[in-house]
Amino acid sequence: MAAKDVAPAVTLMSNGHISKMPAAVAAPAGNGHYYSTMPAAAATPGNGHRSSRRMPPAVTLSSGHRMPAVGLGVWRIEKADVRGLIHAAIREGYRHFDCAAKYQNEAEVGDALAEAFEIGLVKREDLFITTKLWNSDHGHVIEACKDSLKKLKLDYLDLYLIHFPVASRHTEVGTVASVIGEDGVLDIDTTVSLEATWHAMEDLVNMGLVRSIGISNYGVFLTRDCLAYAKIKPAVNQIEMHPYFQRDSLVKFCQKHGICVTAHTPLGGSTANAKLFGSLSCLDDPVIKELAEKYGKTPAQLVLRWGLQKNAVVIPKTSKVERLQENLEVFDFDITDEDMEEIKAIDKNHRSNQPAKFWGIDVYS
């Protein structure tokens, strides 16, 4: 059954920039860019806690719900560091947190959020919380979602994503195993279809457990298939996207069909992925460094701004409190069209996140 008609996540102008602005964002500065102006500072709550210095603008998803354009990813955040980082992020203005069962720190995130609500640091309704279904739970979607909700100490999720378009052998809900066969290859469960998984995701919306649902790491063909069988269309496709892996065709396809693109690994994985996967970091590219100096920004800020001007939501990960503010200071400048073209020319089609290292098979092939 075709997806039901819903408002598109974005309205694109002929030049590729978003023309329709969310209510919380000021009008473009004459250049058509979506994220052109620094949002006003949020008011201080009556409890005396400083809520933020700045509030990122938000994108309206096809589900009708709004997602902040910059979020904090919690992948590889040590459990002991989660509380301090989450609270510091909220004070800096972050309202979007990207989690996953696979990250194995949902319980710590849940504790941090519960405390933030209790002390009046922020209200639940002001946050946008994402988590993801792991591969081994494709046949147990409802149970897996409830397990994540329990760990996160939440009544509902703002966004629930299928983490990868592959079902692997189920072990136990919440164990996020990747069972490797005797041949050294991921034990893929060929009895569970992506269509069946998606319809179970739709059930979560109907049950009131999830407000929006989406996909992650889907290419053009799998995204097209999802649109064909969906009753509720995917609101988001979260993909690796950065100047060395620009994904122009996939981004255009998603945006044409009202699917908001969220860029995970928006900085190209930086040092962490270089160590883990031996990948290249776009932050070290001479073009990026030169342009960053031109705009008086760090290479990371320039790359995040590039992602925003590609009309993507960005969710940089950091474990350093001092980087939280830096990653939000990307709304006070615009990269010119000429410089965007210069960045386009450094695309290497280079995927920095390579799960094949652990699974013994390239699921993207």
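Residue positions begin at 1 at the first shown residue.
Glycine too: its Cβ is placed from the backbone N, Cα and C atoms.
Unlike curated records, TrEMBL annotations are generated automatically.
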Segment assigned the feature region 'Disordered' in TrEMBL (from 42-62, 168-188): 42-62
Number of Cβ atoms other than its own within 10 Å, given for LYS132 (site 'Lowers pKa of active site Tyr'): 27
Other CB atoms within 10 A, centred on TYR103 (active site, proton donor): 23
Stretch-averaged pLDDT - the domain 'NADP-dependent oxidoreductase' (71-347): 95
Integer Cα-Cα distance in angstrom, LYS132 (site 'Lowers pKa of active site Tyr') to TYR103 (active site, proton donor): 9
